[in-house]
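Only one structure is covered here, and it is reproduced in the block below.
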Amino acid sequence: QEANNLTTIEQSSEVEAGAAVAVDEVAISMRQVQQQERGSPPAGSAINCDASSSHCGNADAADPDHAMLLAAILLTDSVVGRSMPFKADPKSLRSYQLYCHWAMTIIFYVFIVADLLVIVMERPQIPAMAEVPVWIPLLIECSCIGFFAFRIWWYFSITETVQFFRDIKNIVVVVCIALNVIDVFCFLIWFGVSGSADAPVRWFRILRPLYMINFPEGKQIRRAFRNTRKTLVKIATVFILVGFLMAVFALLAMKLFSARASRTLRYPNGAPYFESYLESIWDLYILITTANSPDVMMPSYDANNFYIIFFFVFVVVCNYIFMSIFLAVIYNNYKNYLKSEVRTSVHIKRRLIGRAFDCLKINRVPDLGDVVTKDAWFRLFKTVYPNKNSELAQLFLNVLNGGTNDYLTKAQFTRLPDLLNVGVTELKDRTLLLESCLPTVYNSAPSQLIKFIVRHRFFKYTFDLLIVVNAFLIAFSVNFTEWYFLGAFVLEILLKLYVMGPVAFFRRAWNIFDFVVIFSALIITFFEEVSNERRLEEGTLDIILVLRVVRLLRIFGRIQRFRVILTTIANIRSPLSVYAAIVWVLYYMYGVLGMELFSGRIRAEVYTAQSPKFCYNNALNNSEFYRMRYCSNNFNDPLKAWVTLFELTIVNQWHVITEGFVLVTNKFSRLYFMSFHLICVILVINIFIAFILEAFLLEYNLSASKFESDIEQKIKEMGFSAVSEAILDEEDAEEQFELGSQAASQIRFHIKKRARKSVETLLQQMFEKELFEEELADVGESSNPPDPPARSQRNPTFSEMF
């Protein structure tokens, strides 16, 4: 394992190799410029420059802006967890910044989504797209190919050639583009010759998700797939054991039941009962999924009650014991692989921030070593966060060095990525439009009373109580109160808009939710009254108002037992999107394959007893598939295919769907459905369960970060706190800011306790205890390193490692 870790770290060191040489070149010149600006160095200090080195140029040739830009990019990459190699000349740096800009990332994902969803317009397309000409989806696909080719060329231009071609994922993208072009040309040739778009097989469609996985923007999805692939190798032993047990039990079942099968044992539909060996294995595999329980055991149980012993032993051994072991093996191996990935990510982050420090450092007295000055830190902060206030930079500086110095050592500077990942809200006092237009009215005594009432916590509690009462009355069909509650809720929104202003009001998701729900109900009700139409019925208002009950989740968030669960759900939103993308990729690939294999073999019908059509396939006559009216479960278009795969994921009755397609094709079709069940249901879902378990344990055991505590303390010391004693809990703090609470300072800060965590941040928090020694070794600044954290239920924070 250690050898593998060393190999991984050696491979990861290539990531920042493109920037390393440029850092060395600009760091020395940057230090010379900084020291010239500050004057001669103190007595006894030494310039860290080798006279014989070609990197030592004179100060006049130095470019401090270049060094600052490079340091800003390295710091940004370490904060967001980006590990893309790049050239470090000024032109390449500016191109790299533009390449990583959020707008370019959004454009990239727009093309990814367009490339994936163009399938709904291709044959076999969904019915709503039946009239779309062939050239429209072809034009969209060609546009996507062009953008992907441009994107990979752009990435090539900012990366060293050797590094670019050494990365397998870049090769995969280039090969995919070439294959995609060939596929399009083959389709055009076929369409030009035959004039029909129905017959040719678009074989590249199943590979379209590879773009999303292998471009640099798909780092998290690529990591999840890589860990899933590694986990699949490790759990092969469990698969082999379960398969061996199924083979043994199938042989035993065939010998137990086949002798009587010819006489009495039959399934209710007359099918043979454990008559052949392969069918016995298939029936027992379905039993492991519980989809055919207790149907599979009832014929033998009716014949002899003692036969239940066979099924009892099989279910206990295979379902409860081995499936639990299967989950444990998945959890353990996936966690180990994920920890290895996070270790590599942390190593890269420390290397990047170390390179940024080398760009900006200057020498002080020998016993102090290299430092980054306060001026350099402020310039760096403004370069990375141009819209942030300088007081926030001073706050971070005080947190890092204790507020006693005007510089940062390397150990302090290395903590920057973790500090910058703490959610700090900056609030500036603002003058509302109404206050600027009518200052006398807005600041009058009645207006001040209104603002005091709206800011008070009991204002919110009052309307939360009204929501509960309104839901209770709706549940018991007390309809005459609807207009009164609607008026009260409209008044609440208007008062908040008066006090907060439109900008602050619509900044919060809950306020947007309330506004949409209430004014939708108001508009619909007004339309009904004016037009005298009752087609929407009185229940429409009830349905819309009941939606506000969702807002009561905030009340549960104030109770500790519920807060852990809700916080976990809030914090795993980003990782959840990664696993949703994995499932989507599997759905997409299996959906395309299913359409190629089964399209047109089963069609939906209007069920009539007089003239049954058997899903337009006589092979389904008297089948359970038809009797249960599953004809709409087919692969005739992408949406039908994905719905069918979703039903297979739920597992219940999946064997009935499988047997329907076996009847219209052959028994080899079972391989398609079994492989989907093994990969998507057993493997991916269990990995997702393992991640949820780890995230829940993290939230349950982890207390507030020491960084957050340090920042809160410094905010109070510097007079930037905007939290008043009237606030009941942390969740209300941000809303109180927006309600305009008074503070002495013009700029105030607050830590978002429930801030959304990135995937990198959450994963590092999961494994920071295991990575303690690696983190400490990376810093390597303290001659007396801190003791490892004591083993307790609370995980250590990053700041405790330094």
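Note that Cβ sites are derived from N, Cα and C of the backbone, with glycine treated the same way.
Within the chain carrying the transmembrane segment (96-120), a Cβ under 8 angstroms from the stretch's Cβ atoms is held by residues 73, 82, 84, 86-87, 126, 129, 137, 140-141, 143-144, 147-148, 151, 154-155, 158, 205, 208-209, 211-212, 215, 217, 588, 592, 637-639, all 6 or more beyond its ends. Residues or ranges marked as transmembrane segment in TrEMBL: 96-120 (among others).
Model confidence over the domain 'Ion transport' (104-336) is summarised by a mean pLDDT of 88. Positions annotated as domain 'Ion transport' by TrEMBL: 104-336 (among others).
According to TrEMBL, the transmembrane segment annotation covers 132-156 (among others).
Residues or ranges marked as transmembrane segment by TrEMBL: 168-193 (among others). Sequence-distant contacts of the transmembrane segment (168-193) (same chain, at least 6 residues past either end, Cβ-Cβ under 8 Å): 134, 138, 141-142, 145, 148-149, 152, 155-156, 199-200, 202-205, 207-208, 210-211, 213-216, 222.
Residues or ranges marked as transmembrane segment in TrEMBL: 232-254 (among others). Outside the transmembrane segment (232-254) by six or more residues, the chain places 274-277, 280-281, 283-285, 288, 310, 314, 317-318, 322, 325-326, 329-330, 333, 683 with a CB less than 8 A from a CB of the stretch.
Among the features that TrEMBL reports, transmembrane segment is placed at 306-331 (among others). Beyond the ends of the transmembrane segment (306-331), by six or more residues, the same chain brings 231, 234-235, 238, 241-242, 245-246, 249, 252-253, 256-257, 284, 287-288, 290, 293, 296-297, 300, 682-683, 686-687, 689-690, 693 to within a C-beta distance below 8 angstroms of the stretch.
Marked as domain 'Ion transport' by TrEMBL: 457-696 (among others).
Taken from TrEMBL, the feature transmembrane segment covers 458-477 (among others).
The annotation transmembrane segment is assigned in TrEMBL to 483-499 (among others).
Residues 116, 119, 205-206, 208-209, 212-213, 220-221, 224-225, 228, 635, 638, 641-642, 645-646, 672, 676, 679-680, 684, 687-688, 691, 759 of the same chain sit 6 or more residues outside the transmembrane segment (576-593) yet have a Cβ under 8 Å from a Cβ within it. Taken from TrEMBL, the feature transmembrane segment covers 576-593 (among others).
As annotated by TrEMBL, transmembrane segment applies to 671-697 (among others).
The region 'Disordered' annotation in TrEMBL covers 776-802.
Marked as compositional bias 'Polar residues' by TrEMBL: 792-802.
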